[in-house]
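Q: I am attaching a structure below and will ask some questions about it afterwards.
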Amino acid sequence: MDLNAGFDLSQENSVSGLPLPDAFVEFLKENGLDSSAYAGAETIPRYIRLKPGCESQLMDIETELDCKLEKVDWLPGFFSIPSHIQIASTNAYRLGKIYGMDAASGAAVMALDVTFGDHVLDLCCAPGAKLCMLADLLGNSGSITGVDVAQHRLAACRTMLQKYRLGDQCRLFVADGTTFSLVPVGSHTDMKLCSIDGQDMDIFREWTSKRSWKDRKDAAKKKVGTSTQASEEPLEPELIFYGRDSGVVGAQRTKLFRTVDDNEISTSGYDKVIVDAECTHDGSVKHIQKFEYWGWSTFQRRVLDAKRTQNLTCLQAFSSSGPFPLRPLSSRRGLALPAARPVFDLGAVCLYPPGLVPVCRPLALLTNGFRLLKVGGSLVYSTCSLTVSQNEGVIKLFLLTNPSAELMKIDAADKWRCRCGGIARTVRFDPKTSQTSGLFIAKFTKLAC
Ligand SMILES: C[S@@+](CC[C@H](N)C(=O)[O-])C[C@H]1O[C@@H](n2cnc3c(N)ncnc32)[C@H](O)[C@@H]1O
């Protein structure tokens with residue numbers, strides 16, 4: 001079957017080495033991107049991350065993969081292998097000794113600089129490569145809260161945590177990251193763990209894949225509720241996994257799901273937050289390359305669907321007067337800022353009432369992730385898009401509307417194979433410079449104000 005039937009593939013784009021569809025070439029042009037970034041994608045190595053503790057098995061893994069594992073000198077624990085080597089069917093992978101993870105993604109996690117005991121929020125966590133790396137770095141300290149809106153992807157994340165035996169400190173919520181509001185377990189001032197010997201149905205017992213009678217009843221109630229609920233109502237978070245030491249076992253449901261106000265968040269919010277936002281994935285050259293096999297006809301739906309891209313890049317809607325028509329960044333401290341809590345509409349461009357700031361999903365995710373950060377904590381925003389509108393554009397608008405946010409220097413980046421982003425202190429990985437997929441990284445801290 002010709003998977004590309006009826007789909008225009010550009011003849012002129014042989015420069016990229018791939019017959020890129022015209023619509024994608026147009027997308028690249030609109031965003032000022034050079035299609036030659038996709039040239040020679042197959043020469044970019046594949047990266048693997050070694051499970052900590054498996055260092056002594058390196059030679060056995062090399063023998064099984066039948067290739068040398070080249071140490072990535074700027075990123076501890078990462079190795080490059082030739083791009084044609086497949087790892088999914090190997091024992092090393094199946095037994096959880098290695099992860100498939102691009103080095104640029106590893107850099108985004110390192111930028112967060114997690115330290116012992118941190119409570120970390122991963123706001124777009126599925127399928128979970130970064131979450132697993134965070135869990136490896138934290139060991140048996142602190143906690144990780146993973147949130148994703150896609151239930152099936154989050155289920156894959158849970159499987160990954162179980163395979164690598166990393167779930168003890170983690171909890172996973174199916175929830176909308178633009179409205180998620182739960183702080184780390186144990187940071188509620190009034191939360192006490194209860195003995196679970198009694199029959200109190202309101203207390204979390206050890207997690208099991210079998211759902212309790214109470215959970216089934218709650219889910220059935222929720223189903224009835226959602227059929228009558230107005231669609232704008234935020235999705236109620238659903239806890240689909242929690243580990244033994246995540247602080248959930250023994251906690252009361254009512255307390256765990258209690259939301260706190262922004263004042264309380266400044267002290268009991270997360271120490272670290274990562275927002276690896278949903279984006280157009282155009283920088284993920286290996287992902288783009290896969291459409292050679294999947295068929296370019298699915299590319300339109302999966303990557304370029306107009307409604308989806310508008311949600312992600314709605315800043316473009318203002319391109320007639322330039323992408324940032326409001327005010328220059330330098331004057332942000334002197335601005336009359338719009339209301340702190342805008343109304344987000346994931347389906348369309350929204351306007352803040354006084355300042356006409358366009359809101360797209362990445363900005364909504366970043367804003368909410370930052371709201372959940374405690375004062376003095378740090379947040380990493382990353383996307384695998386090469387466009388300005390999903391990266392520097394989002395950052396500019398975010399800084400305009402969040403006076404307590406300050407861009408931080410990413411210290412580790414001095415050693416990385418990357419370049420500066422379009423705003424000082426941000427960094428960009430791209431195939432040509434870094435021999436990795438494209439990735440944009442910005443790091444913020446929250447000031448007391
Ligand atoms: C780039 S992927 C994240 C990859 C992940 N961090 C990892 O390392 O494996 C973006 C994720 O954002 C999720 N997403 C999109 N919109 C969301 C929303 N409103 N709230 C939470 N997650 C969302 C998608 O389902 C997708 O899994």
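Placed from the backbone N, Cα and C atoms, the Cβ positions cover glycine too.
Okay, so TrEMBL annotates it like this:
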| type | residues | note |
| --- | --- | --- |
| ACT_SITE | Cys384 | active site, nucleophile |
| BINDING | Asp148, Asp176, Asp276 | S-adenosyl-L-methionine binding site |
| DOMAIN | 33-447 | domain 'SAM-dependent MTase RsmB/NOP-type' |
Q: For each of the binding-site residues (Asp148, Asp176, Asp276), count the other CB atoms lying within 10 A of its CB, then report the residue with the highest count.
A: Asp148
Q: For the domain 'SAM-dependent MTase RsmB/NOP-type' (33-447), what is the mean per-residue pLDDT, to the nearest integer?
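A: In the predicted model, the domain 'SAM-dependent MTase RsmB/NOP-type' (33-447) has a mean pLDDT of 83.
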Q: To the nearest whole angstrom, state the Cα distance for the pair Asp148 (S-adenosyl-L-methionine binding site) and Cys384 (active site, nucleophile).
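A: Computed Cα spacing between Asp148 (S-adenosyl-L-methionine binding site) and Cys384 (active site, nucleophile) is 17 Å.
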Q: Is it possible to get the count of other C-beta atoms within 10 angstroms of the C-beta of Cys384 (active site, nucleophile)?
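A: Taking all protein chains shown, Cys384 (active site, nucleophile) has 25 Cβ neighbours within 10 Å.
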Q: Other than Asp148, Asp176, Asp276, which residues of the chain come within 8 Å of the S-adenosyl-L-methionine site, judged by Cβ distance to the Cβ centroid of those residues?
A: Leu123, Cys124, Cys125, Ala126, Val147, Val149, Ala150, Ala175, Gly177, Glu278, Leu365
Q: Cα distance, Asp276 (S-adenosyl-L-methionine binding site) to the residue listed as 'active site, nucleophile', nearest Å?
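A: Each residue's Cα considered, the residue listed as 'active site, nucleophile' and Asp276 (S-adenosyl-L-methionine binding site) end up 8 Å apart.
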Q: Grab the S-adenosyl-L-methionine binding residues from the record (Asp148, Asp176, Asp276) and give me their largest CA-CA distance in Å.
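A: Value for the max Cα separation, rounded to a whole number: 14 Å.
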